[in-house]
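The block underneath contains the structure these notes are about, expressed in structure tokens.
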Amino acid sequence: MAIFQHIILLLCLSLFCATSLVSSHNRHYTTPSVPRLTDLFSHVSVNKSFSNVFGGPNIKILNNGSTATFALDRTSGSGLASWNKYNYGFFSAAIKLPAGLTSGVVVAFYLSNADMYPHSHDEIDIELLGNDKRIDWVLQTNVYANGVSTGREEKFYFWFNPTLQHHYYSILWNSHHIVFLVDNIPVREFPNNGKFSAAYPSKPMSLYVTIWDGSQWATHGGKYPVNYKYAPFVTSLTDVEMVGCMVNPKQPNSSCSSASVSSIDPVEGPDFFKLSNQQMSAMVWARRKFMFYSYCKDTSRFKVLLPECK
């Protein structure tokens with residue numbers, strides 16, 4: 001996932017921002033009230049909806065297919081990809097991250113079509129970056145389109161300990177905007193407002209869930225690699241939701257499968273075209289308190305800001 005770009009970003013971070021080393025877990029936050037989008041859709045079976053991408057022996061399917069665990073050890077990471085591809089939709093899962101010293105560990109929940117379009121792929125990323133002894137897990141969001149390698153990263157600390165229980169990580173993607181949500185709270189909106197149409201993902205993508213070794217870049221630019229003395233690093237996944245326009249990318253004129261679109265439609269439903277006032281207020285809360293990096297404010301990396309940042 002554009003490892004070279006990650007390395008450049010993290011080198012920039014060392015100059016761009018100084019962040020607090022005080023754990024947010026030691027503070028109590030009253031979270032904003034928001035609509036629970038994750039309550040609107042049915043859960044899918046992991047074993048019926050996904051195939052193994054790599055590290056099969058490190059993946060365990062539990063609870064009649066409703067739950068899976070993924071492990072990273074000295075031999076391999078592991079990951080799954082959805083059987084189906086979607087052109088817009090709502091994608092969500094409840095994930096519990098590994099506890100302890102997890103420097104260099106990356107848990108990724110993302111959409112991609114690199115298998116179909118290796119030179120012009122799209123990607124919408126939620127990447128969860130492991131911690132060293134001083135700081136917490138980090139949430140990184142990113143968007144790529146049409147093979148453009150410029151990353152549009154934004155990074156956040158959590159307002160909870162993501163290793164104690166499952167928390168919801170969600171992506172809403174339609175022709176109007178991309179929204180990243182944590183426990184139904186929007187943390188980022190990436191609108192398709194015409195300023196950067198070439199940078200807006202528009203081709204069908206699969207959903208991936210992976211855990212892997214990001215020692216080269218994930219924690220302080222690679223300063224703290226994975227320490228396999230603490231392996232295996234195990235992530236738990238449950239309550240998976242995939243609702244949207246299911247298409248066959250091998251048929252250029254194919255349209256949505258009627259069976260794949262919910263009566264509550266995140267693709268064409270007007271309620272999903274923009275954030276409500278309540279959601280906007282919650283997003284402002286999350287960004288003011290917990291975002292510590294945005295590419296739009298990184299003048300050391302971008303001498304001329306990208307169009308959507310102006």
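From the backbone N, Cα and C atoms, a Cβ is placed for every residue, glycine too.
TrEMBL annotations:
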- Glu123: active site, nucleophile (ACT_SITE)
- Glu127: active site, proton donor (ACT_SITE)
- 27-237: domain 'GH16' (DOMAIN)
- 1-24: signal peptide (SIGNAL)
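Its own atom aside, the Cβ of the residue listed as 'active site, proton donor' has 21 Cβ atoms within 10 angstroms in the protein chains shown. Within 10 Å of the Cβ of Glu123 (active site, nucleophile) there are 20 other Cβ atoms, across all protein chains.
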